[in-house]
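Residues or ranges marked as domain 'Nop' in Swiss-Prot: 285-410. Feature annotation from Swiss-Prot assigns region 'Disordered' to 443-592. Annotation source Swiss-Prot lists compositional bias 'Basic and acidic residues' at 450-462, 505-515, 557-571. Residues annotated as compositional bias 'Acidic residues' in Swiss-Prot: 463-478. The feature compositional bias 'Basic residues' is assigned by Swiss-Prot to 582-592.
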Amino acid sequence: MTLFILTETSAGYALLKAKDKKLLKRDDLATEAATAEGVSNLVKLKSFQKFDSAAAALEEVASLVEGKVTPRLASLLDEIKDEKKVSLAVADPKLGNAIGKLPGLDIQLIADSTTADIYRAIREHLPTLIPGLLPQDMSTMSLGLSHSLARHKLKFSPDKIDTMIVQAIGLLDDLDKELNTYAMRVKEWYGWHFPELAKILNDNIAYARLVLKMGMRSNWETSDLAEILPEELEGPVKAAADRSMGTEISQDDLENIQALAEQVVGFAEYRQQLAGYLTARMNAIAPNLTALVGDLVGARLIAHAGSLTNLSKSPASTIQILGAEKALFRALKTKHDTPKYGLIYHASLIGQATGKNKGKMARVLAAKASLGIRVDALADWEDDATEEDKAALGTEARYNLERKLAAMEGKPLKPRGVAIAPNGASAQPKKFELNEARKYNADADALSSDEPKSKKDKKLIEEVSDEEMADADSDEEPAANGTKDDDSSDDSEEEKSKKHKSKKGKDAELEKLAERAGLSLKRYKRKLERGEITFDADGNPTAVSKKDLKKAKKEAKKASKGDEKKRKRSDDGEEVDNAEKKQKKKKKKGEE
């Protein structure tokens, strides 16, 4: 079988013919092809098609990189159509598959590792195989073609178009962190001079602008704060500046604080500009995705996937949990429930849903978003297509999802075209307002002197005295619960005095018994409760230790066990006697 070798160069296509049909199976191929003479003895030039210009060379090589067969290459391969039993060696397997699909070309393609040695030798000694090709010209053409190819990839790569979105959303997140850090530093720094301002003014940007406008708090009389603050806050700020308890600072300190405040204001203005730029880029590149989930969530999805093309290749289930990979793998490892949503959770449609409907909306929204992303990434729009036409799929899908969500939540359906806020209400533009910070409510303070006397004198822990149980023979009856009249108050006082006297008498008896036992009253009571006090025939108490009690319990257990064993032995002896009697009776019957 005749072997042909296809070689792509910066100058053109070369088709080489092997002199040995079993060239690729030789063991000494690497040593034979080490020199130019050895390569010339192994292969010879069959045909060579030169590129007409640098632009043509760029077009041909760009097609080869994508695995496409160009008309120029197809015409070169037509020269070996008529030959029988032909094999063709190709360096790129992707290109080999494309050549194999050409109609009317019955050849055996070889695109594996066996061709590596011969291709290495051909590239090293290419000028000796192609007549009229100088090594200097070859290197110049290779360098120019590589530069053109790199420029072409950077300019026309579809993955590079959305790089602006990836970088913009990353910068937006960084700006938010830096802006928050700088604003907190301004508040802490200027708070030494004017601490009351932070309690009145919540907005960080307005705070920084006020620092730049007023400077020292003593300038409150001459400062016009109407451009920064509304009327309801301007008065409290000036009043607080008049009676502020802050420390004095030097002019040098104020200049440094104002320099930092300028950075805060500058960052805030640039962040607003960057957010507008990101919205415009998202509407231009991914209009359907933006219509469904918003510009910020859509940009984060694209940044997480790497590019719009990579995101379009993902199924709806992947888009739904994109950004929650750590929770997903932890759930799979511990065999728990997997997360229902990732970055898509921050979309307004999911924010409007409540309870179990959040998971349902996340699933449906991810399915619609996957369709919209594929349209954004792969659709070829005409030049006269409007933005409404490009975003028609996303707009229609969002309208249907809003109606579905309203049906799930049991809410009235909104008219078409009405924007819906995350809380489910119709979104309307609001006037910018600066809310006053919450102040400390001094009226809610309560002093100990303000409390009623009964509450003040009341103890935290009340000791309830033990009441003596009345004897069954006694004629006294317990007092009934409920309201008492004035006439019964005297009787209750008498009863209390009687109980107090009886308690004193009982304590006196216990003291006498404790003295006989040689113990204190508290210890005697404790031992009496535990059962460690025994009385003899005369009624004299004696204290028993815990060890003696344990020994007595053990001896009682042993005695009970011994009785059980004796019973078992006696039962066993009776059974043996009965068995012997039965055997004797059987013997007598046998003798008879």
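Cβ coordinates come from backbone N, Cα and C, glycine included.
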Sequence-distant residues near the compositional bias 'Basic and acidic residues' (505-515) by C-beta distance (under 8 Å, 6 or more away from its ends) are 468, 521, 523-525, 541
How many of the residues that make up the compositional bias 'Basic and acidic residues' (505-515) does DSSP mark as helix, as strand and as coil?
11 helix, 0 strand, 0 coil
DSSP says what for the domain 'Nop' (285-410): how many helix, strand, coil residues?
92 helix, 0 strand, 34 coil
